[in-house]
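Database features, via TrEMBL:
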BINDING   A:G27, A:P28, A:V29, A:G30, A:S31, A:G32, A:K33, A:T34  GTP binding site
DOMAIN    A:23-196  domain 'CobW/HypB/UreG nucleotide-binding'
Amino acid sequence: MHQHPHPPVDTGLTTALDHVFKVGVGGPVGSGKTALIEALVPILLERGHGVGVITNDIYTQEDADHVRRTLDGVLDPARIMGVETGSCPHTAVRDDPSMNLAAGAELVERFVDIDTLLYESGGDNLTLTFSPLLADVYVFVLDTGEGDKMPRKRGPGITDSDLLVINKIDIAPYVRADLEVMARDADRVREGRPVILTDALRGTGLPEVADFITSRRRACSPSA
Amino acid sequence: MSLLAQLQLSDSAFPGGLYTLSHGLEAYVQAGPVDVAALLEDVLLHAAGPGDATALVLVHRAVREDDWDTVVAVDQRLHAIKLNRELRAAATRTGNQVLRTAATVFATPELFRLMELVGTGATPGNHAVVLGTAYAGLGVPEDGAVTGDLYAFAASWVSSAVRLRRLDFRQAQATLYGAAPAIERAAAAALAARDPLDLYAATPIADTMSCAHERAPARLFTT
């Protein structure tokens, strides 16, 4: 009978999923996470990557369906999976990411050419983070419609994410958001960590986001 | 030490994706008013008890006897009596995730053996079978293992009832305590099982509800 505890050991439990580069995209409802992913996929495909997308909707498959419609003819719809989180997205991507890991493992098993998985979290305000087990790189998306005060509210999503995207820069004048203030405050609370201003629908800033992801892929996996 | 290991494995914080399951409750809620406590008792006595809990007991014994053919037979039969796709998918997804984490944390030879069998596709790796294997390897007594697991099921049930707004947090605790006699009966029945053929579930309405849930336009839970 086995009654003494062991420290965690390397048990040969690695799977194909462990060798895939995983990008987590989080941020408030409506900030443009889905639009960002939909714009990034063609760029990543053009750069020769095999891509899969996993969305986390709390109540429906709405985001997954939207990605499938938008990327019709670009990405095989079978490469897009929706996870119904059944609870706050914090649980699904940070506290117990097991269902997202299972979804990723299923995709990677079905499509052996996938080398990049984009995980879109269900919308959350400011404090969402990803489990390091689930995401190698963590992108947090704000938008100007939430007001230019948002970066000053901090929260780990804004301050600690690997990349902060400030999206919908095109509507800033209409929602009385001062882009300079947003960018300056974001730089200040993030202590110099990267911030990119985007308009995901028109593509502004998207190559820079793709470049960042590519650079982090190299940092995470020297062989990639 | 085995008690602590059991508490860790049956804790809702142990990562396995249980928070995504309502164990069929959501379909009832979407269909109309539901007596959460009465339904829990029915599910304990007619599905979770004779199904998952019985599988856990049989696997626990088989692992202790190093009888892996029986482990596989129990796992396959448990899979077969789960009539709906979403129930089978949920049991194996959570099972496989718990297996991977438990093997990393506890590193018992029994869990590694089950990982081999699941990895080669010899057996599906249902949640109850993973737990039976883990408990046996960790020296958790059979009766405590099955009672603890049925309690974890009931706790997960009332938790989903709270999120579905059918119970408040005080009613949830009262419902959980009220389920104790049913948990004990279900555990006793499971402990009396002798053979994989003793595994069954008899919940035709719940199965029908689960069919409807698979196609629900909006849902909070995967089951």
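Cβ coordinates are placed from backbone N, Cα and C, and glycine is handled just like the others.
Keep in mind that TrEMBL annotations are predicted by a computer and have not been checked by a curator.
The Cβ of A:K33 (GTP binding site) lies under 8 Å from the Cβ of A:V25, A:G26, A:G27, A:E120, A:S121, A:G123, A:V141, each on the same chain and at least six residues away in sequence. Compute the center of the Cβ atoms of A:G27, A:P28, A:V29, A:G30, A:S31, A:G32, A:K33, A:T34, which mark the site for GTP; besides them, the chain residues with Cβ within 8 Å of that center are A:G123, A:V141, A:D143, A:N167. Of the binding-site residues A:G27, A:P28, A:G30, A:G32, A:G27 has the largest number of other Cβ atoms within 10 Å of its own Cβ.
Ranked by how many other Cβ atoms sit within 10 Å of their Cβ, the binding-site residues A:S31, A:T34 place A:T34 at the bottom. A:V29 (GTP binding site) has a Cβ environment of 10 other Cβ atoms inside 10 Å.
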